[in-house]
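Working notes for the structure below.
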Amino acid sequence: MSEQNTFSSPEHITVLLHEAVDGLALKDKGIYIDGTFGRGGHSRLILSKLTENGRLIAIDRDPRAIAAAEEIQDSRFHIEHNSFSAIPYICEKLGLVGKIDGILLDLGVSSPQLDDAERGFSFMKDGPLDMRMDTSKGLSAAQWLQQVTEEDLAWVLKTFGEERFAKRIAHAIVNYNKSAVQNGTEPLTRTLPLAELIAQAVPFKDKHKHPATRSFQAIRIFINSELDELESVLHSALTVLAPEGRLSVISFHSLEDRMVKHFMRKQSKGESIPKGLPLREDQINRNRTLKVIGKAIQPKESEVFANPRSRSAVLRVAERIG
């Protein structure tokens, strides 16, 4: 068995496992946060590198991930059922604000979530149209689609899915649900009928991508407030990280990666200062909060071959200054 598989679960191959953990520059007695436990691949590798004085706090909003985390019997390990935007609250509760040596975030939907038809994330398997990361909170995708306006749905598809046929698809979905109400038939409550409706609404097909890919992504991102959560955790990392603490983030689509890249770049440059202004280096650096570490990392060919879902992954790492 490869070392990669040792730290991955049978149902989920952890993407950029060693690269993301190496990005944390682990201290054996450090305090770390795995903001997206999933099935614990990154967490288990981190724990294997910490001494008995090290500490790891893991977070996930998926009840099934929490169940998997509770199987880890380790006094250095603590699991929180929450979203990673709650990191400031969790750190304050545990007395760890400004003491965290590293935060790891593995964004997006996990393989177990995609592969479980009952979760409603996949357009390839028939299941209830749910899409919630935390199934105990909020509206399901089906409930939201039954009440959203055509204009708002088109905006979501365009903004979060970068879908060029957003208006056509939104019109088809809203029309279908309206007709169902009028005729006393069932509205869209399952994944495959939605995927088929989207495919019919799209005039041009991409032979490399299912026509429902962008729409499913957009609806999922909206239902789970994924980009709002990401923006929140990026800023809160500045508060909870210790000096020289690391932020290691894996993203899977351009919207996430763009947000991470721009945030790290902006925080590494600080506020713009007019040229020629006589300032000492410490004054110039005062507004810089992060230092970007290396270049963006993508999976090697061997990893993509073993796990095709890793193809779009991008890892970015930054270090807290001062």
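Positions of Cβ are set from backbone N, Cα and C atoms, glycine also.
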According to Swiss-Prot, G40, G41, H42, D60, D106, Q113 bind S-adenosyl-L-methionine; which one of F84, F123 is listed for that same site?
F84
Helix, strand or coil for D60 (S-adenosyl-L-methionine binding site)? Use DSSP.
strand
Using DSSP reduced to three states, classify G40 (S-adenosyl-L-methionine binding site) as helix, strand or coil.
coil
Could you measure the widest C-alpha to C-alpha distance across G40, G41, H42, D60, F84, D106, Q113, the residues recorded as binding S-adenosyl-L-methionine, and give it to a whole number of angstrom?
17
Are there any residues in the same chain, six or more apart in sequence, whose C-beta is under 8 angstroms from the C-beta of D60 (S-adenosyl-L-methionine binding site), and if so which?
T36, F37, G38, I66, A69, I79, H81, N82
